[in-house]
Structure formats: C-alpha cells, structure tokens
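Participant: I'd like to ask some things about the structure below.
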Amino acid sequence: MVTLSNTSMVGGRDLPSTGFAWWSGNARLINLSGKLLGAHVAHAGLIVFWAGAMTLFEVAHFIPEKPMYEQGLILLPHIATLGWGVGPAGEVTDIFPFFVVGVLHLISSAVLGLGGIYHALRGPEVLEEYSSFFGYDWKDKNQMTNIIGYHLILLGCGALLLVFKAMFFGGVYDTWAPGGGDVRVITNPTLNPAIIFGYLLKAPFGGEGWIISVNNMEDIIGGHIWIGLICISGGIWHILTKPFGWARRALIWSGEAYLSYSLGALSLMGFIASVFVWFNNTAYPSEFYGPTGMEASQSQAFTFLVRDQRLGANIASAQGPTGLGKYLMRSPSGEIIFGGETMRFWDFRGPWLEPLRGPNGLDLDKLRNDIQPWQVRRAAEYMTHAPLGSLNSVGGVITDVNSFNYVSPRAWLATSHFVLGFFFLVGHLWHAGRARAAAAGFEKGIDRETEPTLFMPDLD
C-alpha cells in the first residue's frame, strides 16, 4: 500500500506506481516537479483565460445606459474601480479599456497554456534534471522557505502595482470625490503606521469594523505601500535566511502540509473578502457594485424623508407608529439619525449622505435646505437595488420579488467568497490532518486492491 509516509514506490503517473487514482489530480505528481510545474502553469492559464473571456462577454453585453450592478457584471466593476473607462459619478465614458483588458488576458492565457502543455508533455519530468535552482525536495526546508520568499516578493510587487496606478498612472476611482465620485490621482497616501496598523487593532464589531472600516482612498493606497514593502522585505528575509529551530520542529515539512497551509490562508482571505465586499463601499464603490444592505436601507429612509418634506411634513417632529421619530431620531450616543427600521444601520457612512451631516449626526438645517438633486437620484436608485433576496422587508427595505429580475453583484461576491472560504477551510483541516498523520507515521491510506473500479471493465 502506498501512503504519503511511504513514497518509495512513486515514479510514474498511474495508480499502480503512485498510489493515487486519476481523480487525485496533482497528488500523482508529488515527486515529479517538472510535471507539477506544468499542471500549475496550465491551471494559471485556465484562470486567466476565464478572466479574459468573461471580461469580453461582459463587454459584449454591456449597456451604457444602465448601471453595472443592474447588469450582473462582476469583472467590469473591478476594472472601473481602477479608474479605467469611467468618469464623474462612475459613468462609463469609454468601453475600449475594458476590451483591452479582456484581450490582454486572453493573449497571456495562451502563453500560459502553451507553457503548461510544454511542461506537462515535453519538459523534464523532474526539474533537477534541468537546473538545481528550480529543483526542490519537499523536505528541503531551506529551499521551501526560498520559494516562500519568491512568492512574497511577487505579491509585494502586485500590491505596489496598485500604488503606481493610483499615484502615477491616471489615478483610481474615488467614490468620496466631491459631487458624487470621480477618478482621482492619490497624491498623499497615508504612511503613518499608527493609522495603517491601527485598523488591525480595531474591534471587528459595530462601528469599529477592523480593517473593513477603511473609508478613504489615501488609507487604502497607503496600506498597499506598507503591505508591498512588508511582503518584499519578508521575501528577501526568507531567501537569505534558513528556518529557525522552533520552526523546523513546530511545522510539518511535506507537500500536503504546504497545501494545507495555503488552503488555510486562502480560506482566511475568502472570509475577509466576503465581509469586505458586503460592508465596504470605498474599496467596492456602490456606483459599480450596487449599494450595501445598510446603504439601501438608509437610502429608502432618505428618499421618503425628501418626498414627505416636499409635501409639507415636519421631519424634525413627526412621530412614527411606535412613538419614536418617523424620519429622524437620536442614536444611543445622541447623534441625529434616520428613524424607522433603518435605525439599526445608524453607523452607515456613504458619500451621498455625509455632506448632510453636522457635528452631531445629521444636520437638520442641511436636510431642510441643502439636499442636492444628485443625492436624491442616487438614494432612489440605491433604494430599489438592495443586495437582498428576502421575501419580506429587511431593515425596512421593501424586497418584493415581483419587482424585477435583479441580483446584486455585492450579494454574488460576498456569498461566493464566503462559501469558497468555508470549503477551503474544510480542505485545510482535511489536508492538515493527513499531513500530520503521515509525519507521525500512522496514516492508514486506502487499500486500492479492493477498490471497486479496479474490477470494472473498460468503458470502451
């Protein structure tokens, strides 16, 4: 029987020689570094091909007169957030940049695909045959940390690419720009470590919101400067040093262990991304992704306040059915907030609402005299595009399923990342358990001799 703790038999790519059936995928290539490289490069090619093809699909179906979030788009909003093809208020001014991004991804996917095919079929089975620099052994702790170092440097460069785009190559879209958002060059990113790392020390609940509470582009770009430099510095550190004794003893050093570590990290990122896209309207502007749930609720309260005020209602003193303020009331800390069911979202901050605030919450004088037409239009739009799928009202938002066919990209992205994060967590636990069992020498493995498929006739 072949197990991960008994790999002396591993040599080919079939079940008898590796102990892994075809559906075990890359496990068959544990000791074939060249073939494993081919699998990884081809996988990257498939990912990039999807990105390019799906971008062109969205470009082909794009309707300029409708907001992106009403068209089920999940890729064009990311390109627009980077400042390509959009202008004031997030209006699409040119779809050619979207087309270019899609084509570039298709071209690069072809290069990656050819590289994957080459390494899978023609290249050296084991990279050590080609170069000692690219060769590795899963138990070679120093080489493993070298590979970590290369990855960290690439990740750091990726973070700095966003910085360069924001500061030197046309800027990025800032939903907080005056008048309803615009593309803006970030000239003064936040570098103060107390501010950047202060986000990590915030509570993850309520108005604190941990890193998800970031509400300005200066902090986002400054954070990427810090992350980029930290990743590059960490990469250089891991290349130049060898693992300390405690790390050698505490960690499991095998291919499956590295897989489990990676899945755990991706799971954490998935959960963070899920919450980020659900709550944050700075990194994920509502002009492209649609309003947050809290934003839609506050928009509805604002829309009806504007309507009834024009009809003569006294918004300051009108009472609702509970005896609380119908339009305005006090928060627990004394701020003036919207009344009604949306009171639970009194912590909400949005670029269309903030101009109407004063030193103590919403400013009554501004609500009576300074509401601008663009704020009313945007609130009405957001009110009818809540990222909700409920049969009843949520936060006071009417979610009648008979209205029109709409699913918010925010709901798609938040849900998909949460579900994927959960499955990656399960995968992390599964592979971590197997890796530790293999290292301890008591892994059972699966007795392939009694596997039913081995006794079935060929399909043809």
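Each residue, glycine too, has its Cβ placed from N, Cα and C.
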Participant: Membrane side check (same topological domain name in Swiss-Prot): ASN31 and ASP219?
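Facilitator: Going by Swiss-Prot, ASN31 and ASP219 are on opposing faces of the membrane.
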Participant: Which residue, out of the binding-site residues GLU341, ARG344, shows the minimum number of other Cβ atoms inside 10 Å of its Cβ in this structure?
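Facilitator: Comparing Cβ neighbours within 10 Å for the binding-site residues GLU341, ARG344, ARG344 has the fewest.
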Participant: Under 8 Å between C-beta atoms and at least six residues away from its ends: which parts of the chain pack against the transmembrane segment (221-240)?
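Facilitator: For the transmembrane segment (221-240), the list is 145-146, 148-160, 162-163, 166-167, 172, 186, 189-193, 195-197, 199, 214.
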Participant: Would you identify the secondary structure of ARG344 ([CaMn4O5] cluster binding site) according to DSSP, in three states?
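Facilitator: DSSP assigns ARG344 ([CaMn4O5] cluster binding site) to helix.
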Participant: Check the topological domain 'Cytoplasmic' (122-142) for me and report the mean pLDDT.
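Facilitator: Residues in the topological domain 'Cytoplasmic' (122-142) carry a mean pLDDT of 90 in this prediction.
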Participant: Is the topological domain 'Lumenal, thylakoid' (59-98) packed against any residues at least 6 beyond its ends, judged by a Cβ distance under 8 Å, and which are they?
Facilitator: 51, 162, 165-166, 170-173, 175, 179-183, 283-290, 374, 381, 385, 406-410, 412-413
